[in-house]
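Straight from TrEMBL, the features:
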ACT_SITE  His272  active site, proton acceptor
BINDING   Tyr42, Tyr154, His272, Arg275  glyoxylate binding site
BINDING   95-97, Ser124, Gln152, Thr180, Lys248, Ser270, 303-307, 326-327  FMN binding site
COMPBIAS  7-20  compositional bias 'Low complexity'
DOMAIN    16-376  domain 'FMN hydroxy acid dehydrogenase'
REGION    1-20  region 'Disordered'
Amino acid sequence: MGTDMHALGADPAARPGPADPLNLREFQAAAKSTVDPVYYDYLAGGAWDEVTLRDNEAAFGRLSLLPRVLRGHEKRELDVSLFGCPASSPVLISPTAFHRLVHPEGERATARAAAATGTIMVVSMAATVAVGDIAAAAREAAPEGGPALWFQLYLQPDREVTEALVARATAAGARALVVTVDSPVFGTHERDRRNGFLDLPAGMACENMRGLPGGEPDAVRPIAMSPRICWADVDWLRRSTSLPVLLKGVVHPEDARLALRHGVDGLVLSNHGGRQLDTVPATIDLLPDIVAAVGGRIPVILDGGVRRGTDVVKALALGASAVGIGRPVLWGLAVDGERGVRRVLDLLRDEVDTALALCGAASPRDLTPDLVRGRP
Ligand SMILES: Cc1cc2nc3c(=O)[nH]c(=O)nc-3n(C[C@H](O)[C@H](O)[C@H](O)COP(=O)(O)O)c2cc1C
Ligand SMILES: CCCCC(=O)C(=O)O
C-alpha cells in the first residue's frame, strides 16, 4: 500500500498492542479502571454542578474545521519556542497536584516523559515531589539542554514564603513562573466531600512546602489560597524575579488588559479545568476575546478540555500560542507511569501532525481563524 495508512506500523516497537489505548479517551477509560475510585473522582471532578467541566470539552465539539487544499507542503513542523524554551509540539503539561496519588514515582515519572519528548512541564506548587528532585529526574532523561520546567505558584499572603518558593524553583532551573489567579478560595468539589477525600494519604505531602520560613525545618506548610491577593502582589513578584511571569486563570478581557499594564509576560487562559468557579464559559469560547484584548503583545496559552489533535488545531487557529493538558497526563501516568505519559504526549502530537496536514498547514503558524467555524 502506497499510503502510510498506519505510520506506527513501520516500527514494531512503537506498534501498540491490542490492549494499548489508542487515544486520550481510551487512556481515561484505562485510568478509571485502575485508579482508586476516590482518587479518580478527585482527578475527574469539577466544582459544584460541573457545568464548566463538561463545557470545556463540549465547546470544542461545537466548532468545525474548514481545511484548505492543494497547499503543496512536504511535511509538518510542530516545534514551538515559548519564553526561550524550545518544545517539540505546541502542547504543554498544565500543572496538576499530587501525581503520587496515581503512581509511586509521581512527578518524577511525568518529568522524565516530558524531557524525553521535548515537552514543557509546568510543575505544580502542590507537587508530591520537590521541584529540585523533579528537575533532577528530567535532567537524567534528557541531559542535553536542561529541563524545560516552569513552576506554578499560588501567591502566598506571607511574601517571605513566596520568595522562598521562587528561590527554590529558580535554583531547580525553572524557566518561567505561572501564577494561578483563579483561586482566591478553593472551589467546592462535591465528589471529594461525598468521598471524604480531604487530605493526602500518609507518606505523601506537598514537598515544595516543606521547611519554608517561619516553620520547623521539616514541617510542611499548608498552601494558602487567599482572597487578599491583588495586582500589587503581581507587581511585587514582577519586581522580585527576572523569570517570565505568566498569569493562569485570567478569563475576563479587562483582566487580560490589566495583565499587560502590570508587565505580565504571558497568559494561560484557563478555568482550572472547571474546578474553581462553575459556569465560567469554556476556554475555547473565551479565546477570541482574550486574543483580541492582548493584541499579539504576549503569548496566550489555553487549557481545558483538550483531548484531540483537532482541539489543539482549533485553539491555535483562534490565536493560542500553545495549549496545555491537565487530566490526560494523569491518565497516562496512572496507566503506565513514565511510558504512559510519553504515550499520551506522542499520541496527541501525532494527531496534531495529521490534523495540520489535513488542514493544509505545514506548521501552527499557517493556522488562521478562517479555518474554524461554529456549527450551525
Ligand atoms: C487533579 C488536578 C489537579 C490540579 N492541580 C492544579 C494545581 O495544583 N495548580 C493549578 O494551577 N492548576 C491545577 N489544576 C488545573 C490544571 O492546571 C488545568 O487548568 C486543567 O486541568 C486543564 O483542564 P483539563 O484537565 O481538561 O486538561 C489541576 C487540575 C486537576 C484535574
Ligand atoms: C492545593 C492543591 C491545589 C490543587 C488544585 O488546584 C486542584 O485540585 O484543582
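Placed from the backbone N, Cα and C atoms, the Cβ positions cover glycine too.
These numbers come from a predicted model, not from an experiment.
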Largest CA-to-CA spread of glyoxylate binders Tyr42, Tyr154, His272, Arg275, angstrom: 20
Gly305 (FMN binding site), number of other Cβ atoms within 10 Å: 28
Surrounding CB atoms that lie within 10 Å of the CB of Ala97 (FMN binding site), all protein chains: 18
Reduced DSSP assignment, Asp303 (FMN binding site): strand
Cβ contacts of Pro95 (FMN binding site) (under 8 Å, same chain, 6 or more positions away): Val122, Val123, Ser124, Met125, Gln152, Val178, Thr180, Lys248, Gly326
Spatial neighbours of Arg307 (FMN binding site) that are distant in sequence (at least 6 apart) but have CB under 8 A: Leu24, Arg25, Glu57, Phe60, Pro328
Count of other CB atoms lying within 10 Å of the CB belonging to Lys248 (FMN binding site): 24
Nonlocal residues around Asp303 (FMN binding site), in sequence order (Cβ under 8 Å, 6 or more apart): Ser94, Val268, Leu269, Ser270, Gly273, Thr283, Val323, Gly324, Ile325, Gly326
